[in-house]
Amino acid sequence: MKFEHLYMYVSLRKDFLLLAFLALSTIANGLVPAITSILTGRVFELLSKFTKAEEYGIGYLQHQLTLKSMAILALGAAGIPSMWMSISSWMALGERQGFRVRSKLLEEYLEKPMEWYDLKENLAGDFTQLNRCMEELRSGSAEASAVTYQNCVAIIALICVSFYYSWQLTLIILCTSPFIIVCAACFSRFIQKYASFENKETAAAADLLMWTMDSSQTVKLSCTQSKEIKKFETLVSKCNDYFIRTSLFTAANIGILRFLTLSMFVQGFWFGSTMIRKGKLNISDVITCFYSCLMLGSILNTTLHHVIFIQKGQVALAKIQKFINESPELPSKTLTSSGLVYSHVDISIDNLTFAYPSRPTENVLKNVSLKIKSARTTFIVGKSGSGKSTITNLIMKFYEDYKGNIIVGDKDIRSVPIDELLQNITLVEQRCTLFNDTLKNNILLGSKYTSQTINDGLLSSICSLACLDSVISSLPDGIETRLGTDGITLSGGQQQRVALARAFLRDTDILILDEAVSALDIMQREILMRNISKVRQNKTTIILTHDLNQINDNDYIYLFENNEIKENGFKKTLMNDENTLFYNMYNLQRNAAITDSRASSPTIYDKDEVYEKKDDFVISPISGETFDVMKYYSEESSDDTESILSSKNTDTESSNPNSKVPIKYIIKRMVRTCKMKPTLFMGLFCAVVAGVTNPLFSWGFSYLLNGILPSSSGIGSSYYLLKWSLIVLAIALADGTFNFIKIFILGYCSEYWIMDLRNELMQCVSQKRFEWYGRSSNKSSEISALALNDLRDLRTLVTEFLSTMSTFVTVSMMGLIWAIATGWKLSLVCISMFPLIIIFSMIYGTVLQNYETSYKSAVADLENLQYEMITSIKTIKCLRLNDHFLGLYSELEKKMKRIAKKRTIVTGLGLSMLTTITTCIQSILYYYGLKLVLTGEYTSKTMFQTFTLVLFTVTTCNSLVSQIPDVSRGQRAASWVLRIIDENEYTKEVNGEDCRVETIEHENDSDPLIEIENLNFHYPNTPGVNVYQDLNLKINSGETIGLVGQSGSGKSTLMYLLTKLYDVQDNRILINGTDINDWSYDILRAEICVVEQKPNLFHGTIRENITYGVSEKNPVSETEVQELLQLVDMHEFVEALPKALDTVVDIGLLSGGQAQRLCIVRTLLRKPKVLILDECTSSLDAQTTQIVIALIKDLNTKLGWDILTIVITHNRQMMQCCSRLVVLDVGRVVEDGQFDDLHQPGRILHSILSSGE
């Protein structure tokens, strides 16, 4: 295995030139402190000559002072290019490494086999966390490495200088260094350990936040917002705990090391003074040596701060490498072209046995053998979970670990190159993926055409064949309308038609349709099947379906049952034998129109058979950030007019998400909302005290410096040195202690503030109105990244910026006043330099903030594209779209590289200028201070005191400006989070003061339970498209009412209105005599429950899934659970599991029908008064559909309480089980009555059903 180190993605060959510049500039810049210490020693050497001014002459001494002090200034100016080049080179190296890691991760995502996705649990959370790891790796190998290695060079140089001038004194001063190194190594182990733990919990919290947003409809309808909030709070609390432990060890490390580095000078002074008195050292040597070691100690403290970032980068690298190495690399195979002519090849499957990786003991296919003849249509039919879709997964080479053989022509499929296979086979699945692009480009994906080369006539004919004409005409920009995050979201049926158009345009020799028209109504489905037959004439076509009416007499059929092939033959042959399973299954559907006691579904919605792991993440219809629930903006899955959903300018209720909140406001907000104000102020007090210790140490240090040469006044005597040595030791101890307390307490407060912000964000996100989740500014992946990743950067606002600012305001004012009182002339010279620092800080801060914002926005765009690719991985593999998306990625990467390059230049220039300004001010102070001593206006004591005090003020300003990049990154995250939190009340679901909290009590059967009067409604994003126009409807308790109608009639919209997912005008909908707007959201949704068309389960036990949404105040008994499982024919399945109800079952382990039945149980366990079934049989096979229909027909009796059942359906047999049917058309009720009365020639219902017969 390749040795893992922080720079393992640096290429010596590719980065040679950069590394050369980096090495030279780092060494040159690292030598500056050593040279400065030498020059400083020579400046202060003049002090010994000042006592002999008459001997040397005032003019000579002033000339020497000018030369030596200005030499420091010249050194500072000369250091600009070296430091600029060093910082910028390191940042460029970090960026290069970051881009390579991103590309490597993307490559891994694209190359990981489907079984890896099957076994991956926390993919969404890990994706968010890996993005954070990439930033920490980049930061650790860029800015932190730059400072660390420059300081390492400086430390080596300073040690050499110090040894040169006095090796004995240097050894005495540095004798505690081994203990410092051991202490730092021990604490770093704990820091890395808890940083790793925090990353793990952060990933889980990010996954939960994304799931809550992506499944907002389920969460809201189940009234489980508080439950998800508690889960999130638990995870965030663990993050908090681990960071606080990290902060504790970091604080202890810095506190101890500061004490040791400051106190190591005491023994040195004793030794140095003694050596001067003995005449073995002169004052210049001692000052040079001491200044070198003093700078060494200061540099060491600075280095330790950046070493922590390097440690975090190492932890991040370990996480990244763990992800990359998760699945063993498959042996490299170079497969040559098979030479097959796919238009004439048969596909033979021989004794095929297969089990999915996550359940290796459960065979999904058992000794399956079949032969798909070329140039004809073959149907594969069977119950949900029978193994149909698994066949297509194996033909597409998504899995290769199976027993038996798959032969294409005369070649084993294992020997056929995957690219060749996918070039000749097109798979259209039930769940289609559209990408964030125009409708036209979505159709062109996977074909040989581009937007420029496609013939308009060909494209028009393809769209007509796919029944897309009406869709295109209803879109604002026609076929050039943008879909996805920045455009509109098509409904499920429209997505299927786009996928079919894509398949028609590819026109491959082999086409596989896996429930490809299941989301369409009867008429559209019938038209499309005729078009498919026309287009695919004399071509190999494999159709997996539940709808047996799609099969023609001359089509060949394979019937699956219990993971085996039970029957095969032509339809007309199977229908001639009354004993065949197919004959019974077919007549079960056909005869249900006559015998309503036996029912089946002509349009079954098969959720990719038994197994499609990670359905809600990997192959979800969410395309990037295109929100799945937005499909419900349309009336139903095939609505042409109501599905113009998510327009580009929808976020009218929110401020611009890219605008930044001022730092001043964020600080005020933090202080106001912080729940630990006493602790925070204690931490700030300790920061001030810790800051005070710096000038105090400088003050004490000045007395020690002043006592190097003994004098007649007692200065420099043993008593004098002992007294000031003890004072300096006490100050060093106070410095270490208060720095420890400051760092830990402020880290503690900052983390609790971040935790509160995250929890508040989660609460706000959970309370948002349904349409909020579909806005382009509210992407789940970006919000989770901001909340769980970028908010970490905001900790520096408290731990460093606020601490330094408070210290600067208090201590600097005190220090300046003290300095002015001690020596006002020298102080005023320093103060006169402040405008230069302030002006530079403002310019640098503004420019850098703009680049930081642009940089983070570019990162977000890149990560959003990566997320889109991961969520659409199966479609990308099927259509061989790797190159297409890598091209898009490359364009965004180029844009980010341009911004990153400018950012590195600005940052390097800013920091180099800042250091130069500090050095220049220092040299000017040297010159003027010593000049005052030379002229007799100052004593050396006054000069040292004033000089150390004003220099502290300058270095504090330097520290504040250097923190601008960190604060800017956190500022952007805070701006986004606070935007969401502070959005006006219109974006939230808020109950009125007098809202109804009583449950439904319906005693008078003559009064309607639901009354709709003159209802007009349009979706918020489509104000010009009315779904309802003066709708009037009354529904009584205990009814089983069916809502039917053609696409666009407004059936499913009623479900959204009755559950308050969208608002209506007052007094238009009355529930139990109360205006729906006066109902409490949670009370109403507890009374009106929905079984959604697409079952939405989560990874957990079956018990957790079916009791999701059940009130804790009214827990269900075991008996109730078992009875309902028996009613939906799931009892035997559950009992056969290893731990029955407590078995952890991933979604992929259930067929669509099984998942749907569990959702029905989940809904009924909540004991609603109103039950809405939205195409609930779409995932069920014929036999299971009968069970559900039988349950619905006699639901009140079986449940033991009166329940109003609203059935939204296209299914004839579901209509027959209803006691009343309401037919909707263009937003109005056009027919109302029983099925037999309405299903008469000339009636609208009859024409709807007849169109599919």
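The backbone N, Cα and C atoms fix where each Cβ goes, glycine too.
TrEMBL entries are annotated by machine, without manual review.
As the structure is a computational prediction, the values presented were derived from the model and not from experiment.
Of the listed segments 283-304, 503-524, TrEMBL assigns transmembrane segment to 283-304. Restricting the average to the domain 'ABC transporter' (1010-1251) gives a pLDDT of 85. Panel annotation: around the transmembrane segment (70-93), residues 7, 10, 15, 18-19, 21-22, 25-26, 28-29, 32, 35-36, 39-40, 43, 141-143, 145-146, 149-150, 900-901, 903-905, 907-909, 911-913, 915-916, 918-920, 922-924, 926-927 of the same chain, lying at least six beyond its termini, place a Cβ under 8 Å from a Cβ of the stretch. With a threshold of 8 Å between CB atoms, the same-chain residues lying at least 6 positions outside the transmembrane segment (171-191) that come near it are 159, 162, 245-246, 249-250, 252-253, 256-257, 260-261, 263-265, 267-268, 271, 289-290, 293, 296, 300, 304, 307-308, 311. With a cut-off of 8 Å between Cβ atoms, the residues of this chain six or more beyond the transmembrane segment (904-930) that come close are 36, 40, 43-44, 46-47, 50, 65-66, 69-73, 75-77, 79-81, 83-89, 91-92, 95, 143, 823, 825-826, 829-830, 833, 836-837, 840, 844, 847-848, 851, 938, 943, 946-947, 950-951, 954-955, 958, 961-962, 964-965. Across the candidate stretches 146-165, 248-271, 679-704, 724-749, the maximum count of CB pairs under 8 A to the transmembrane segment (801-820) is reached by 679-704.
With a cut-off of 8 Å between Cβ atoms, the residues of this chain six or more beyond the transmembrane segment (248-271) that come close are 168-169, 172-177, 179-180, 183-184, 187-188, 190-191, 194, 289-290, 293-294, 297-298, 300-301, 304-305, 308, 697, 701, 704, 707-708, 721, 725, 728-729, 731-733, 735-737, 739-744, 747.
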